[in-house]
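K.L.:
Pasting the relevant annotations from TrEMBL:
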DOMAIN    59-292  domain 'Radical SAM core'
BINDING   Cys73, Cys77, Cys80  [4Fe-4S] cluster binding site
BINDING   Phe79, Glu185  S-adenosyl-L-methionine binding site
Amino acid sequence: MITTVTPGIDHKMAEIIEKVRRGERLTLEDGVYLYESDDLLTIGQLANEVNLRKNGKKVYFIENMSLYFTNVCESHCAFCSFRKDQGEDGSYTLSGEEMVSYVKQHITPGVREFHIVGGHNQHVPFQYYVDSLKALNENFPEVTLKAYTAAEIEFFTRLSGLSTKEVLLELQKAGLKSLTGGGAEILSDQYRQKMKVEKANVDQYLDVHRTAHQLGMKTHTTMLYGSIESHEDRIRHMLQIRELQDETGGFMVFIPLSMQPRNKNAGIMRRNSAYEDLKTIAISRLMLDNIQHIKAYFINIGVQLTQVALTFGASDVHGTIVREQISHAAGALTPDGLTRKELIWLVKGAGRIPVERDTFYNEVEVYE
Ligand code: SF4
């Protein structure tokens, strides 16, 4: 049980602490209050208490590799620095064979997951996206395919004329095992309009995950914070995720993604403060009482802050990654991957127990 750090804690904060300890759900009003409070240490301690209850001292990571089949995209989301037009300098679309040969050159022993996302390239048919997965699955059958965002799945329905369920079934046949969490941004149609998020709307994002869960797939989910959205928008985002999780139980992890600052079109002048990053991780832990893991993503918040985040409610530090591209295109100053040894160092340095996992959070090795 925590003793709160701040003396003279106010009535509302005391009420929230009691609610959390009684296992009661926090409301929209509670969440906004926490964001407006400057009592970061109390919020962090409370999130830490909840996380210790759920996961003990274990912190999870995976040996994985990020792959990007194409950066050609029909959309022009304001915050994106990854996309290119077809034929533009630096644009590419790799065939399945080219991707297999790239992987053979860069894969390290122990990689057990490919994390695959990319642009919405309308110049190739849906079959291209199916065949690319097939090629990887045939050549690396021991590696789990965690591929495509809900926004890409929605794009594939338009490209193919198939329903969401039909698209997912086709991809499952090709080897798909889980969806990535991207494409959520902020789940508010008003935000999406202002930020020119030219892809799946709120209902479509949630519906793709709902359908995947109904097909027995476990998936990931995110929130891209730190631009024009209000604190209330962030909490409403979390509440929509919580509600779907109540319905399906299919999300394994929630990943707060700190916005990177390069793209001036999105009106982002600077990085989020460390204070805001830690608070967001802690509040995610407190609001999302039905999601087992909250991830601290070192690519977007930095290695040192990720270490601190482990005492603010985070229970996962993602993985080795091997050459992240999307956040780095948007100005991330962090390393584009870490080794297993570095991840173990990071977790142990925070006094926690590193646990190597597979995509589905089954334990592979515990590094006591
Ligand atoms: S965020 Fe995704 S959908 Fe939007 S422009 Fe970038 S690659 Fe395309």
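Heads up, the Cβ atoms here are built off N, Cα and C, so glycines get one too.
It should be emphasised that the depicted structure is a prediction, and the values quoted were computed from it without experimental measurement.
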K.L.:
Do you know offhand how many angstrom separate Glu185 (S-adenosyl-L-methionine binding site) and Cys77 ([4Fe-4S] cluster binding site) by C-alpha?
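P.N.:
Cys77 ([4Fe-4S] cluster binding site) has its Cα 10 Å from the Cα of Glu185 (S-adenosyl-L-methionine binding site).
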K.L.:
Can you tell me which of Cys73, Phe79, Cys80, our binding-site residues, come within under 6 Å of ligand 1 at the Cβ?
P.N.:
Cys73, Cys80
K.L.:
Between Cys73 ([4Fe-4S] cluster binding site) and Phe79 (S-adenosyl-L-methionine binding site), find the distance joining the two CA atoms and give it rounded to the nearest Å.
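P.N.:
Rounded to a whole number, the Cα-Cα distance is 14 Å.
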K.L.:
Within 10 angstroms of the C-beta of Cys77 ([4Fe-4S] cluster binding site), what count of other C-beta atoms is obtained when all protein chains are considered?
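P.N.:
Neighbour count, Cβ to Cβ under the 10 Å cut-off: 22.
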K.L.:
Per-residue pLDDT averaged over the domain 'Radical SAM core' (59-292) comes to what?
P.N.:
94
K.L.:
Other residues with Cβ within 8 Å of the Cβ centroid of Cys73, Cys77, Cys80 at the [4Fe-4S] cluster site?
P.N.:
Ser75, His76, Phe79, Phe82, Arg83, Gly119, Glu198, Lys199
K.L.:
Translate the DSSP assignment of Cys73 ([4Fe-4S] cluster binding site) into the three-state scheme.
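P.N.:
Assignment for Cys73 ([4Fe-4S] cluster binding site) reads coil.
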